[in-house]
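Presented below is the structure to which this report refers.
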Amino acid sequence: MGVLVDSQKEGFGSSWGGLKNLVRRKQVDCAHTKRLDNHQLAKELTIPHLIAVGVGSTIGAGVYILVGAVAREHSGPALTMCFLIAGIAAALSAFCYAELASLCPSAGSAYHYSYICVGEGVAWLVGWALILEYTIGGSAVARGISPNLALLFGGENSLPTFLARQHFPGLDVMVDPCAAALVLIVTGFLCLGIKESALAQGIATAVNVFAMLFVIIAGGYLGFKTGWTGYEVPTGYFPFGVDGMLAGSATVFFSYIGFDTVASTAEEAKNPKRDLPLGIALSLSICCCLYMLVSIVIVGLVPYYAMDPDTPISSAFASNGMQWAAYIITVGAVTALISTLMGSILPQPRILMAMARDGLLPSFFLDVNKHTQVPVNSTLATGIVASILAFFMDVSQLAGMVSVGTLLAFTMVAVSVLILRYVPPDEVPLPLSLQESIDSYKLRHNSDAQMINGENPAKSPGDPCLPLLGEKNVAVDCTVVEKLEALSSCTLDEENRRKIAGWTIMLICVGAFMLTFAASNLWFSSLIRFTLCGAGGLLLLSGLVILTCIDQDDERHNFGHAGGFICPFVPLLPISCILINVYLLINLEVATWVRVSVWLMVGVLIYIFYGRRTARC
């Protein structure tokens, strides 16, 4: 990709003041990025690597516990429908990620897409929230490994003393040396190279998948042998009604979080236009199929009301005389946690590096090792912080904060797709061939002017090797000039279309917030709730109709790497994605929002006093 003509004069690098910094948008491939070619990552990943990363980051040990809690409290035998509905909802975000990842294959993932499509302020908040997500998420996962390892060694207190958890009554702290050590080991693997770390994650993921296949096959055998007693309950397939099933879907939705890790490795994919959409789609499909098959088997072995909420799968096999199966299930849980730990730490160094490229963070995070082509400083910093948290803090109470970063990223990715289709950045990078023709034309024009003035263009300082242009290039140059004039001219109708589309997208976001906020807060009076729900629904429906009727912007075809995946059913699909994710955000606990607000306020202060002043693009 090339840079815009006169981009330094009127582009994103111009010196804007005040609040305009918050809405300035980054070009896909600005001049500054070209000067940082020595900081590029290795292109090593193929589709199998991306699937290993996606499945390993998504399928955690939660599925070994989640099925019992959701079946007992929300869904009953309809647990499979919960995973199906949640998988469809996750697929909406996956479609949006696939389009943006193939168009803009950068290590920054949702942060990068938000910077290009929405603006610097929102991009900073998304990146800052993702940093929190991956740090807390990695620490929480690491703290969950040691209890499962202890089960393999014979019991809760079976780990060696130097790895076992120790409680300090005076400080009221439960330290976990095993968790800290595992984080550091995973960090070391990630520093070896992206291909090596993807291979290690793939091995751990394969063991976990085999454990789940054992549950499906052995459980299916037991089910046919016992007659699937779990489905023969007097309360029927929907004991908690459709509302209970939908509530269960909202709970299991978070078991699909992790496929976005594939997008964070976009810069390291060999063929991002093809491999990234396939990697995301196949990862999500594999996870959804495994989840549904496991839920079919487990719910059929034991009635939902008799499930053990802590160890539903192990207890289901034990009730059918297969106590030894608990060891296989525990191995699956341990390897699932290890692969999830790698998936939690892998994206953060790349987001830190992307933010440092843009000048929003110090250049310390920008360094890439020449041999492994891994952002070593960012990886080490991430691993050290996560290991300290895993050692000292019980982060289980903070685990809800992980959801905020993910859902905020999903929401902004969907908004970015709408912006890209209807209101793409006013200045988009030109194709490389057109940019070279423009440069050639400018050089020839300068040479002609120098010859008229009696100067020798071949000796012009700063241009030691000017290209020789024949008569054949004249027509191309004229075509280039005509294209530039066509690009710079904008009719009144086009300006009005962009304004209408921009305001409509904003009102869609407002309508989604109003509808979900009113529907989720039962303490409102009926009049207020119905009024807000009606107004929000009207805004959403009107926005959908308007965006469906108006044309999408033709400039989107010149945006990023053309020829990649195209998200279907726009604008319906992104709007549905926004509505679902905003609903889940609204329904998070108040305590979670208080903690996240403190973190975001710290981020705002850092942006005001550092990032806003040092942004490069």
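Backbone N, Cα and C define each Cβ position, glycine as well.
Given the structure is predicted, the values throughout are model-derived calculations rather than measurements.
Copied from TrEMBL, the annotated features are:
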DOMAIN    565-613  domain 'Cationic amino acid transporter C-terminal'
TRANSMEM  50-71  transmembrane segment
TRANSMEM  77-98  transmembrane segment
TRANSMEM  110-131  transmembrane segment
TRANSMEM  173-194  transmembrane segment
TRANSMEM  206-224  transmembrane segment
TRANSMEM  280-304  transmembrane segment
TRANSMEM  324-346  transmembrane segment
TRANSMEM  374-392  transmembrane segment
TRANSMEM  398-420  transmembrane segment
TRANSMEM  500-520  transmembrane segment
TRANSMEM  526-550  transmembrane segment
TRANSMEM  562-586  transmembrane segment
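A contact links the transmembrane segment (500-520) to the transmembrane segment (562-586), because at least 3 Cβ pairs that are 6 or more residues apart lie under 8 A. Counting residues of the domain 'Cationic amino acid transporter C-terminal' (565-613) by DSSP class, helix then strand then coil, yields 39 helix, 0 strand, 10 coil. If one looks beyond the transmembrane segment (206-224) by at least 6 residues along the same chain, the residues whose Cβ comes under 8 Å of a Cβ in the stretch are 55-56, 59, 63, 290, 293-294, 297-298, 300-301, 313, 316-317, 320, 322, 325, 328-329, 331-333, 335-336, 339.
Within the chain carrying the transmembrane segment (110-131), a Cβ under 8 angstroms from the stretch's Cβ atoms is held by residues 21-28, 100, 104, 260, 263, 347-348, 351-352, 354-355, 358, 360, 404-405, 408-410, 412-413, 415-416, 419-420, 424-425, 596, 599-600, 603-604, 606-607, 611-612, 615, all 6 or more beyond its ends. Across 77-98, 280-304, 324-346, 374-392, 398-420, stretch 374-392 shows the highest tally of CB pairs under 8 A with the transmembrane segment (173-194). When Cβ-Cβ distances below 8 Å are used as the criterion, the transmembrane segment (562-586) is approached by residues 89, 92-93, 95-96, 98-99, 102-103, 250, 253, 272-273, 276-277, 403-404, 407-408, 410-411, 414-415, 417-418, 421-422, 431, 508-509, 512-513, 515-517, 519-520, 540, 543-544, 547-548, 552 of the same chain, each at least six residues removed from its ends. Cβ atoms under 8 Å from those of the transmembrane segment (324-346) belong to residues 53, 56-61, 63-64, 134, 137-138, 141-142, 144-145, 148-149, 151-152, 182-183, 186-187, 189-190, 197, 200-201, 204-205, 207-208, 210-212, 214-215, 218, 258, 261, 264-265, 311, 313-314, 317-318, 379, 382-383, 386 of the same chain, restricted to positions at least 6 beyond its ends. Between the transmembrane segment (398-420) and the stretches 50-71, 77-98, 280-304, it is 77-98 that has the most C-beta pairs under 8 angstroms. Long-range neighbours of the transmembrane segment (526-550) within the same chain, counting only residues 6 or more positions beyond its ends whose Cβ lies under 8 Å from a Cβ of the stretch, are 418, 422, 497, 500-501, 504-505, 507-508, 510-519, 571-572, 575, 579.
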